[in-house]
Amino acid sequence: MKQQQQMNSKEECIVGVPCGATTTTGRGFSVLQSTNTSSVITSTMIPSCSVLECPRKALNDNKDYRVIRLQNGLTAILISDLGSIPVCEEDEEHDNEDDGEEEEEVEEGDGEGNNEEDIEMEETEGEEEEDECDAEERSEKPNKDTTKYLAAASLTVGVGSFEDPDEIPGLMHFLEHMVFMGSEKYPKENSFDYYMKKHGGHDNAHTDMEHTTFYFEIQEKYLKEGLDRFAQFFIHPLMKQEAMTRERKAVHSEFQMALPDDTSRDQQMFATLASEGHPMGKFTWGNESTLNIGIPDEELHKQLHELRLKYYSAQYMTLAVQARLSLDSLQEFVCCIFDEIPSNQIPRPSYTQLSFPFPRDKFHRLYRIIPTKEYHSVEIVWALPSLKKHYRTKPLHYVGHLLGHEGKGSILSYLKKKVWAVGLYSGNDETGFEHNSTYAMMNICVELTDEGFANLDEVVCVIFQYLAMLREAGPVERIFKEIQCTERLNFDYGEELSTIENVETLSEAMQLYPPQDYLTGDTQMDEYEPQVIRECLDAMLPETCNFVIKSKTFEEQNVCNLSEKWFGTKYCVEDIPESWKMRWANLSSNPELYLPASNPFIPDEFTLLPQEELTGEGKEYPEKLCEDPRGALWYRQDTKFGLPRSYCYIYFLTCLPLQSPRLAALLDLYLNLYELQVMEDVYPANMAQYRYSFFATEQGLVLKINGFNQKLPEVLKLLLSHMENFKDNLTEKSFHEIQRQQMKTYLNAVLKPGTVRKDLRLSVIQEVHWQVHHKLREVQGVSSNDLLDEFVSQLFPSCHIRVLVQGNTSASAAKEMYDVVKVMLDKHAVPDKPPLIPELHTLEMLGGAWVVQAEGVNPADTNSSVINYYQHREGDLATEILLEFIQMVMDEPVFNFLRTKEQLGYHVFCTNHNTYGILGLSVTVNTQANKFSVSHVDKKIEAFLENFRNTMANMKDEELMELKETLTSMKQTIDLTLKEEVERNWSEITHGEYVFNRLKRQIELVKDITREGAVTCLRTITERNNNPTYRKLSVQVVGAANTDNQSPPTLEHLPGKEEIVKLVEPSEENDKTLLSHHYITDIPSYKHKLKVYPVTKIV
């Protein structure tokens, strides 16, 4: 093993010899056949660069790599993807062309401005946008969902929030925003975002503790100019003083959106435990206060430029670029463009000399915190010395694997049997906050049931008993090798990341590892060092940890009288009880806690099935292998990706959840209890890279399974056996605790304005839609017998199934899997009564403008959310693609108008809707109630649409053709992963449309799009004047204007018989601008007036 590693460390990349010229080692990695130790490229035209060692790559990786260092010190990895996906002729013709875009095309202030969604909020934004996809709608968003190959680049600067000046918290985050506000070569503030959007891509950025990352993706033929525009931000950025006001508001809005988020609050709370002056204690978000009050703009502007000149220097930078171009072409691009980034030769900041961040008087304490959501949890945290240098062993990954295990003998298994816990997380997430040059966090967090919270001391004792058992057992090489094996299997046979995810990951990895480990450093465990693991376990003692207990009950007890400075988190701090310490000193062993057994699900067979001769277009798509009254099976053998993996998706269609909110709530309860019952048995399969999800839809349940094909049928049988044995495994104690947890889940959901907004809109436009707060009411009063009698006993007889099996699986094996499901259902079939297939209908709204306005459920949340939804009509393929075109064109201007110009809020987006075949368009804005009224937001959305209709009407022919080409390019799909192809096929099956060649048909229809047709369609949908087809629904969830001394509601303090979500009719005094709208204050009464659309399939 070590000898092989030494050989790898000497191998180098040579100009003109791609890393793809490889030999496979016995360890499963590919390395370059070369003995050169260095190489330098010189040319009269291209700046010279050094070529460094080539990274080890996976067995199934067809990409070629080259690592170079420019003269200015910037290190770049070039990724040539020629081997995996062919380049179409059109792309080859234009690969090296500049776009020729004139700056005059973008008027001052137009375009998206800064669209960097910082990492803390990316997940939130995804949730918000996902909320706008109707429960069963296909709402294709070209910039997000397409699988057309996009080139990508990511640049990481080796400094981050640790360099914030003490007097200006959040300045490095603000610098990340400001650096993208135009450059000397491309001076318009928004031109980079405009260029990305125009050519099918997008850009993003985030600031971490010790690094800052910027990245983008774009259609491949525009990569060269995209790289030039990108690099100019680090060569000659403008960062004008007048741009600071807008970006300061964007940073503040981002902070406001994070205020109700418990994860963000927890991190800042943890920062308060750091020593005075240590960078771990910084407030890294920044807001209007830290970036404004007491600091003249001239001084702030000066400090921004000083920080940039000091830290945004080439020798701190790592760059990753990926495209279907040769390594030599990519090298030419990078050397010619990025060599201009200045280098100041100042040594990179180092923090290794700093003292340990957390002093004992602050850290070894017990903190009680009031969360914003309804739950109980206990978190035990250890702060260890930084373990960055041990990345080849990953000792915390080993420890976290065992503490977080969910199989037999684990902490969670024991706690769930006691019904004390509903979930557990342990480990280190490897973000800069949890692992940096100054320390490494190790934590274990248990989400508790009410009974678990009442037995908190016992829960903590179980954790320490398990840790004592681990210390006594010592590091176990078998377990290490098992983790190592599963990580290696995922590396060698896992599905590829998207290009933008790949370059982002790599540019950050390049800051941490030597070139040979760029691809493997984050995940692979190459070296077994038991002493390092033992040192970590020995440091994780009861007397060295910190406790954080969170519960809404502390609010009633009035014990949390302290307030964290930035987020206002209420907490108190106390010494750890002596009674606890005495118990820990005399812990006995627990025979129910033990190390996991060998994993029987780890595969050892990776043979690919022989490829049959394919003829005709039909072979590109799934074929229906069988159909009977119980269901149907679609199948496709993988012919493209060459992986020993398969997917099995099953849709259990049933009318039960459509019958009442009570049955819909029972379905959710069933799934949560099922998850509890199956956890222990299925966890080893999960560790062996088998993944499953089981979730509810409005029309039933979906079970998705994927992994190595060898043991996929075994995993399916395991999951189905737990469905069959659900009643036998149900206990009264587990029922009541999971019921309570589900009530909390529902309540936490309705605290989010986005959830309420979506619920209200769908309640109006769908014939049946059960709102979350109605399910909350229903689930409170049900019993275990109700669940069994009303739902479980009726489930199997009522189910019709649709199944897709795709991947490295034979047709006969697929049929066997289908038969396993069918046999299970047939046991419970009712003779001569085949199951009905549920169909959902959309309602035709009344003409005019309608408003549903509701108070936000959380009085401590100032965030408001507004969606203006415009219903169109029954869909067809031509109208579907036309609306997608309109949304694509609208995507950047709506952001620019409503966020950049009007500064309404951080999250602004448009969506095209397909609600069970009925098409529509919407604009969504999330804002703050203490800044803008919802009527003001509604008015500005209408102003934007009026402006946009004029813009569309005056679109030049050349721009129209270019936009159509962009959409066509997006639709020319070559799936990048097997999962992408499976999901696309599955969408057709779940919608019952089966247009597997939908993209090809859409491409043909794009040719028919005209300016006049698009404008007519847009006006028909969104223009009110004298328009009988105008049907607008504005759903407005109003945040709290004053959140002082307010807190979120608890289950115990929900209104009695009143609605949890309260509809209001705005007063004339406050909402004069909306008096021309009709208000819906009784949704059922309104729906009685509406016509029902027939079931519509877009085929």
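Just so it is clear, glycine is given a Cβ too, placed from its N, Cα and C backbone atoms.
Annotated by TrEMBL as coiled coil, the relevant range among 253-280, 477-504, 505-532, 953-980 is 953-980.
Sequence-distant contacts of the coiled coil (953-980) (same chain, at least 6 residues past either end, Cβ-Cβ under 8 Å): 85-86, 88, 142, 146-149, 198-200, 219, 495-496, 498-499, 638, 640-641, 643, 645, 647, 706, 806-807, 881, 884-885, 888-889, 999, 1002-1003, 1006-1007, 1009-1011, 1015. Most Cβ pairs within less than 8 Å of the domain 'Peptidase M16 N-terminal' (145-262), among stretches 302-483, 491-778, 887-986, belong to 302-483. Here the domain 'Coenzyme PQQ synthesis protein F-like C-terminal lobe' (887-986) has, by DSSP, the following mix of helix, strand and coil residues: 59 helix, 20 strand, 21 coil.
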